[in-house]
Amino acid sequence: MTKNKGENIQRATIIVMLALFLSRILGFVREMIVARVYGRNYITDSFIAAFTIPDVMFYLLVGGALSSGFMPVFNSYIAKDDEDGAWKSANTFITVAIIFILIFNVLGITFAKYLVPIVASGLAKNKDALILTTKLTRIMFSAVTFTVLAGLTRGVLNSYKIFTSPSIGPVLYNVGMILGALLLGKKLGIYGISIGVVVGAIMNFAVQVPDFKRVGKRFKLELDTQNEGYKRMLRLMVPAIIGLSISQVNLVVNQNIASVLDEGSITALRYANRIMLLPLGIFAMGIATTIFPVLNTQVARGEYSEFKDTLSLGFRTVMFITIPSTIGMIVLNTPIVRLLFRTGRFTESDVKVTAFALTFYSLAVVGQSAVQIITRGFYSIQDTKTPVKIGALTVIINIVLNLIFVRSSTLAIGGIALSYSITSFINMILLYKKLSEKMHGLRINEDLKSSIKSSIASFIMGGAAFIISRVIESKLGIDSKMVQIVDVGASVAAAIIIYFAAAYVLKMPEMDYVIGTIKKKIRR
């Protein structure tokens, strides 16, 4: 990979990561507000269940339709300097997507009551919870249209290597939800934040419109379903959508099982999941987003050696960041949950339950992060069937493991999280193996060596962080919010220093890449 390409990836990655970091922080502010006001009960369970629909739609669109179908084909035209061909395909794709989602919205709002048993069967047995979840689902279905529009514009802009406004969109999405909770929460209760979801979705789309107008001068609504580029998009997209839909069965299964456990189990699982997704959402998604157009271009030009280099760089960087993140969340599980959510109606008992789930969920960070990188490799070579097949297999494994851990042990929601984590690792291993076979070998030695070194450095770091946290708690207690900040802040700061020191001793090149990326951004 050339120096300029590496610098471009660094530049784009840091922009996306900063925006994702801000978005995740605001996401936690949102969750903290909900926890403070409502605690952990059927009201929060109902909101989370209702929020599943727009959440899943965004995941299917960005992770499936855009990543697997739209962007590889659109990029292949752009790489050949055929913008007319790119936009003829895109116009039909976008038009069909808009028509589909409008119909989907009408049906969803009309039949919302019947969706509740699908996403949370336990809530459907509680009359109050069923009524509340149905109403919230109808409100938030309105956000789906703008979520889809934002996803479509994001796909186009990322293809043109424009990452700033698409990265700001999710930040505004969370801002909308926070404003809804703060400004409307007192009068409308949980409905306030639901309205905020709709407002946030509108802002997510609106911030991208100026850039889209600038690059999308050839855009117009048209239906040319015989266009070859559009057909290629569908051929690639449909298997991926099916595969990701299958993978979302994991979410529905987990949520359904949690809904029949103790009241508030969905909420505890959700909060643990949000913490787990922090390194995944900031780092893994940031890196995957920025290397994906590069991978597409390299495949289009037949640069397969460079393709392997780029994929390996993404994989190793993700491992360098997520392995210590996993260890850190395990050893600091309770202090982290206490700092973020222990306030208002969210009690110390709620902290313990959520921290227990986080312990097992943390193990999924590495697997899920690696999957984000590896699947981009499959999509770049326009293979969407392999991830579908592996995804279907892992769903079955997840269901079986859930039955074993939840019904045959005392793990409860910890069993749900553990099933998810094991499934994530199996998914990662199978995908990596298959992609390596298709590409006649990846940079497996470099990837494995880097992962082992990251693990060694992480265990050293984790032991130190655990000791530091326990000493602080024994000396200062746990009740004061300031003490909680000191506890987590000091432990994390020490952990970062120790990890980088260990990485330096182990001579890990990924450390130089990460530090170099940060330095270049600071200079700018």
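Cβ coordinates come from backbone N, Cα and C, glycine included.
Predicted automatically and left uncurated, TrEMBL annotations should be read as such.
Annotated transmembrane segment per TrEMBL: 12-38 (among others), in sequence order.
Sequence annotations record features per position, and here TrEMBL assigns transmembrane segment to 58-78 (among others).
As annotated by TrEMBL, transmembrane segment applies to 90-116 (among others). Away from its own ends, the transmembrane segment (90-116) comes close to residues 49, 53, 65, 69-70, 74, 123-124, 130, 133-134, 137-138, 141-142, 144-145, 148-149, 152, 156, 218-225, 227, 230, 233 of its chain (Cβ-Cβ under 8 Å, at least six residues beyond either end).
Panel annotation: around the transmembrane segment (136-156), residues 46-47, 49-51, 53-54, 57-58, 61-62, 65-66, 70-71, 74, 90, 94, 97-98, 101-102, 104-105, 108-109, 112, 115-116, 166, 169, 190-191, 194-195, 197-198, 200-202, 204-205, 208-209, 211-212, 215-216 of the same chain, lying at least six beyond its termini, place a Cβ under 8 Å from a Cβ of the stretch. The transmembrane segment feature in TrEMBL is assigned to 136-156 (among others).
Taken from TrEMBL, the feature transmembrane segment applies to 168-184 (among others).
The feature transmembrane segment is assigned by TrEMBL to 190-212 (among others). Same-chain residues lying 6+ beyond the ends of the transmembrane segment (190-212) with a Cβ under 8 Å from its Cβ atoms: 30, 33-34, 38, 43-44, 46-47, 50-51, 54, 132, 135-136, 139-140, 142-147, 149-150, 153-154, 156-157, 162, 164-166, 168-170, 172-181, 183-184, 219.
The annotation transmembrane segment is assigned in TrEMBL to 271-296 (among others). Proximity of distant same-chain residues to the transmembrane segment (271-296), defined by a Cβ-Cβ separation under 8 Å and at least 6 residues beyond the stretch ends, is recorded for 5, 8-9, 12-13, 16-17, 20-21, 23-24, 27-28, 31, 35, 67, 71-72, 75-76, 79, 158-159, 161, 163, 307, 310-311, 313-314, 317-318, 321-322, 325-326, 329, 336-337, 340-341, 354-355, 357-358, 361-362, 364-365, 368-370, 372-373, 376-377, 379-380, 413, 417.
Per TrEMBL, transmembrane segment is recorded for 317-341 (among others).
Residues or ranges marked as transmembrane segment in TrEMBL: 353-374 (among others).
The annotation transmembrane segment is assigned in TrEMBL to 411-432 (among others). Cβ atoms under 8 Å from those of the transmembrane segment (411-432) belong to residues 250, 254, 257-258, 261-262, 265, 268-269, 272-273, 353, 356-364, 366-368, 370-371, 374-375, 378, 386-387, 390-391, 393-394, 397-398, 401-402, 404-405, 442 of the same chain, restricted to positions at least 6 beyond its ends.
Under the heading transmembrane segment, TrEMBL lists 452-472 (among others).
For the transmembrane segment (484-506), the residues of the chain that approach it from at least six positions outside its boundaries are 320, 324, 328, 332, 335-336, 338-339, 342, 453-454, 456-458, 460-462, 464-465, 468-469, 472-473, 476, 478, judged by C-beta separation under 8 angstroms. Annotated transmembrane segment per TrEMBL: 484-506 (among others), in sequence order.
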So, taking each listed stretch (12-38, 168-184, 317-341) in turn and counting its Cβ pairs to the transmembrane segment (452-472) that are under 8 angstroms, which one gives the highest count? 317-341
